[in-house]
Amino acid sequence: MNCLRSILAAGLASLVLFPAPVRAQKTGEAPGVQGSKNIRSMKEIRDEGVVKQRWDVSCGAAALSTLLTYDFKDDTPETSIVVWLLHRVDAKRVRSRGGFSLLDLKHFSEARGYHAEAFSGMSIEDLALEKTSVIVPIREKGFDHFVVVKGFVAGHVILGDPGFGNVTMRVDRFQTLWKDGIVFVVHPPDDRMIGEKRLPVAARLVPDESLISRKIGVTAPSNYLY
């Protein structure tokens, strides 16, 4: 699947963010001396709990790596997924269709001991009921991209975007991009691997996608529901 490589817009510095306190940790301080505070940068907030894609065609692998690594605590590098798949999927085919399909991701997940399945026609309410993060395809201006839906806050969807990092999007805006209500769900072999759904610590400070521009890559396959 083609991946929309996300970049900051020139005006990102003027982001209007959701109001929320930033937790600051005081460093050691001597009596009578005001201690400095370690404030997390926007980049740290943006990259928390997201595996960033290394190649234009690897958004699906990076999304799956994000889900396995951070939801199930199963450290699975993007590179290991890509290498495994390229031993089983023709590289020319991957390039021609713009990336890996959901069927490819399903094969990797199940070889690792998970059960994976894709559904279409799902609703926002269905997404909100999921116990773990899920992978969904979005389409904008005719180009496709895999992102991880992490949860919802203040009328926005929290997305783990392999091309950018954590980003928020208005629910109504997300619904216009979400392709056919498709959801890719991965179930662990042991339900004890499912913990509390973890949103980024500073979810309300994640940048809004309306202030982010996207650089479009190559075309993607039209059918990838398996």
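Just so it is clear, glycine is given a Cβ too, placed from its N, Cα and C backbone atoms.
In TrEMBL, annotation is done automatically, which means it is predicted and not curated.
Small disclaimer: the values here were computed from a predicted structure and weren't measured.
Copied over from TrEMBL, here are the features:
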type   : residues : note
SIGNAL : 1-24     : signal peptide
DOMAIN : 53-185   : domain 'Peptidase C39'
Model confidence over the domain 'Peptidase C39' (53-185), averaged pLDDT: 92
Within the domain 'Peptidase C39' (53-185), residues counted as helix, strand or coil by DSSP: 52 helix, 39 strand, 42 coil
